[in-house]
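Structure first, then comments.
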Amino acid sequence: MEPHHEPDGGSSDAGAAQELGSPLFSSCENLSSRQEEQSTKMRRSDNYLPVPGEEKNQDGNQDHAKARNNESIPMKTLHADDGSPLYSKLGPYFRDGHRRVDYILEYSIQKPHSTRRRSSKFGNDNFLRRLRRSLSSRSSKAPLQPKEDPEFAAQDHQADYHEDDKSSKRKEFEENLHEAGLELEWDEENQIPGVGFLKIHAPWDILCREAELMKLKMPTKKTYEVKQGSNLVEKIRLFIHKATAPLHPNLDSNQQPGLKPLSHPFSREKEHLFDLSDKDKFFDSKTRSSIVHEVLKRTKCQRDNYSMGITSLLANSIYTAAYPPHDGDINGMDLNDRRRLYEEWASYSVFYKYQPVGLIRKYFGEKVGLYFAWLGVYTQMLIPASIVGVIVFLYGCATVDSNIPSMEICDPRNNITMCPLCDRACSYWKLVTACGTARASHLFDNEATVFFSIFMALWAVLFMEHWKRRQMRLNYIWDLTGFGEEEEDHNRAEYEIRVMKKTMRQDQSAPKEEKVKLTCTDRMPAYMTAVAMMAFMITLSFTMAFGVILYRISIKAALHMSSAAGRSNIRATVKGTAAVINVIIIIILDEIYAKIARWLTILEVPKTDKSFDNRLIFKTFILKFVNAFTPIVYLAFFRGRLVGRPGKYLYVVGSYRMEECAHAGCLMELCIQLCITMLGKQFIQNNLFEIGIPKLKKMLQKRKMDPQEEEKQNKILQRHQKDHLLLPFAGLNPEYMEMIIQFGMVTLFVASFPLAPLFALLNNIIEIRLDAKKFVTELRRPVAAKAKDIGIWYNLLRGLSKVAVIVNAFVIAFTSDFIPRLVYQYTYSSDGTLHGFVNHTLSVFKVSDFEPGTEPLVPKHLGYNVETCRYKDYREPPWSKTPYELSKEFWSILAVRLAFVIVFQNVVMLMSDFVDWLIPDIPKDISLQIHKEKIHMMELFMKEEQGKRRAARDTRSMYKCNSPPSAGQSPPQPRSRPNTHARAGW
């Protein structure tokens, strides 16, 4: 690859391109003819530092000054005694130690020991080199070497041309960055082989210009007092804030408490409004990197009459990475924001403290700050839900001994013989053997379950309202009240490439004034592919769930045919192993679905990043939601209902009989599946994958590397080289998706598992610190992105909270025995209690009515002949006129179940809407402070205007005093609009 050429001795100023007189080329390919002329200039790979003070001619000799202007000092001499670079300890700076590195671009370079051949298009060196080699080989007495494979030679020649083409595109793009005013510095001779770094610095005038174009709100000199609200809610909030003072992070803030500076969009004409006493700190590192990123997106490189921005250059591997540098090391001597985040946020020793959301936003930007603020609010709201869930569980534990249905099942005097659970292999069994399952089911299926379902529905609404208020408070504190996201809507590189290809395919006679864009017809194949693949993957999830059903049926029959010693634990073994298999399938399919969803979204070629994210989120959510909840929905609503009855069972795939629920219902099995799924997805998929695998990789790397060598390398590597070794930032979508699925687990089936909020709380306490450590120590710093809210995720949360009401209503009505117990107690019970409820739920079957080949083989172990057996259903007895038909009790209970679903849904929805209406989205004190801030801003502008008028009058009066009218000359008449001219001069 042709080495890059660096104007002005390796680092350029804002006007370096004009001083050198290097023109900007209209296309990337036109630069190739200039490479021979530029060959005498310094190479970037030499890592030279310009000598300060040599730009001016001290002795009057211009030629000597010009020669001295390119003189430089090799960087290898600028090292400390321990071998570390002299300026690496100062942070991410240029080699001069003064200009801060605001952005890093990486690109691939050829290894130093390899030999490059240039294509004939870029010069004749390749031809001359081959000619010399041919002559020398003929004149030598050594045997001839075998000929080079022409296919490999052609590939090598094409690769060389491709690399030179990339180099020319980079050259033009960097020249355009020069013209935009950015200062560049290259680093190719470094400790990372094969990687070159372009360090970018934005000088003060460029920062001011771009801040004005981007309408960045910056704090002014004017501050005002923020008064707390006087209503009861604000007093309670202030009391809680003071009571939890030890839980707040220890961050030293220069700003006085109770004071907030007025913020206004930056303007160079109004620089006097802002505190510019320290220009190095006026724009923090987050703002500087976002400004440079905006310049990079706006700067273009021409190719075949098509402009390529930084996104297109990254997509075509012309640059391999682009990211802002971290502020410093987490264990360095200087106290930077990254180290403060590590100590007060990313450490497990501060798990009980609140997150420093303001510092997170200052370092990573508003989008990342909003995610962790939302995660903190969600985790905080899980505390009351966990407490209530534990109370409901303890209530079940306390009342299990007084539960009449459980006592009847466990009473051996009842001596109820139940029908076989499978054909042939299974025998008759006694109901008393289900005593343990019945007692365990009461822990989750009791009267408090209905109350907890209503509570969780209201909890979801309170959580959403609390987050909206918290979000508005953050918008006010972070000066985002007037922010509009449409200003940051840029086309994606893939979209621009597709538009370019479509433009090239179009007929030349097409009207050129019409803007080319991708239509629905262009995307139709991608849409059809997406629909077909989504349908296939949803079907795959259903198939996997059905496969686990067949596993349960077959393994149950196999265990029943085994020795009698294992028959007592057959049900628990089948439940546990099936749940574990489901979790493994869910984890594997989750990883596959995430990749397929991204591939399908890329096929659709969305226009903007926001459209890409929304489409990707929708596809991923649908697939992962179906994958995670298909086994749970089956257990809750379908198992035990598609069975049939003894003598007329329902079979699938030949001779597989559909499985039944236990006598206490399927709620216990649903609880086990939810518990194992939550534990598996959270503690295995999330924490093990995010903690265990990175830790294992680090251990393997440390074993290969000597500790002294590792310490020496940490001293030698500069900031941008250390950032290169970190993982690239992949976005917040996986983090949000993980929490959204957890929110579904907590709310959708909470009636069957009251401990779900507790499990989620314990996971999130670990998850916050885990994500914090990942962001601070393991990931490259993301580009700061502004955002007012969490976007489409809020709509998904709101939709899940609405669906949760309906799902919990159906779980209580159809999955649990709450409605049958209620109907029996108030309709069929003679004494108004649940005595006789178990016998009421069991129907009678005559064993002589078994279909041939389905009766049990070994009924003799019971010690007596079985004539009738019982099964759980509401059907007529065999001696009635309509044997085995559904009884009137079934239809009455079904009517009550449906009525309960309607009443429960409407009552809870009405209560939720009332709470939503009762709590305002914007806190009253925040709305008052926003109004107060506008008044202060108007007063500030009025004072500024009065000051301008006063200065204009003083200037006019001074002019009159200094130039008195001459004799016979009348004094000048005042103009009708003097203020206009005075303001123009100001």
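Every residue gets a Cβ built from N, Cα and C, even glycine.
Automatic prediction, not curation, is the source of TrEMBL annotations.
As annotated by TrEMBL, region 'Disordered' applies to 1-86 (among others).
Annotation source TrEMBL lists compositional bias 'Basic and acidic residues' at 34-46 (among others).
Taken from TrEMBL, the feature compositional bias 'Basic and acidic residues' covers 53-69 (among others).
Per TrEMBL, the feature domain 'Anoctamin dimerisation' maps to 93-357.
Feature annotation from TrEMBL assigns region 'Disordered' to 134-174 (among others).
Per TrEMBL, the feature compositional bias 'Basic and acidic residues' maps to 157-174 (among others).
The domain 'Anoctamin transmembrane' feature in TrEMBL is assigned to 360-933.
The annotation transmembrane segment is assigned in TrEMBL to 371-395 (among others). Sequence-distant neighbours of the transmembrane segment (371-395) (same chain, 6+ residues past either end, Cβ-Cβ under 8 Å): 354-355, 357, 360, 443-444, 446, 448-449, 451-452, 455-456, 459, 462-463, 466-467, 470-471, 474, 732, 735-736, 739, 743, 746, 750, 754-758, 760-761, 764-765, 767-768, 771-772, 790, 793.
The transmembrane segment annotation in TrEMBL covers 448-464 (among others).
The transmembrane segment annotation in TrEMBL covers 527-550 (among others).
Positions annotated as transmembrane segment by TrEMBL: 570-589 (among others).
Positions annotated as transmembrane segment by TrEMBL: 616-637 (among others). Same-chain residues lying 6 or more positions outside the transmembrane segment (616-637) and placing a CB less than 8 Å from one of its CB atoms are 530, 534, 537-538, 541-542, 544-545, 548-549, 582, 586, 589-590, 593-594, 596-598, 600-601, 666, 669-670, 673-674, 677, 681, 733, 736-737, 740-741, 744-745, 748-749, 752, 792-793, 796, 810-811, 814-815.
Here the transmembrane segment (739-762) has Cβ contacts under 8 Å with residues 375, 378-379, 382-383, 385-386, 388-390, 392-393, 444-445, 449-450, 452-453, 456-457, 460, 621, 624-625, 628-629, 632, 636, 667, 670-671, 674-675, 677-679, 681-682, 793, 796-797, 800-801, 803-804, 807-808, 811-812, 815-816 of the same chain, all six or more residues outside its ends. The transmembrane segment annotation in TrEMBL covers 739-762 (among others).
The region 'Disordered' annotation in TrEMBL covers 946-986 (among others).
What TrEMBL lists as compositional bias 'Basic and acidic residues' is 946-957 (among others).
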- Query: So how many of the residues in the compositional bias 'Basic and acidic residues' (946-957) end up helix, strand or coil by DSSP?
  - Reply: 12 helix, 0 strand, 0 coil
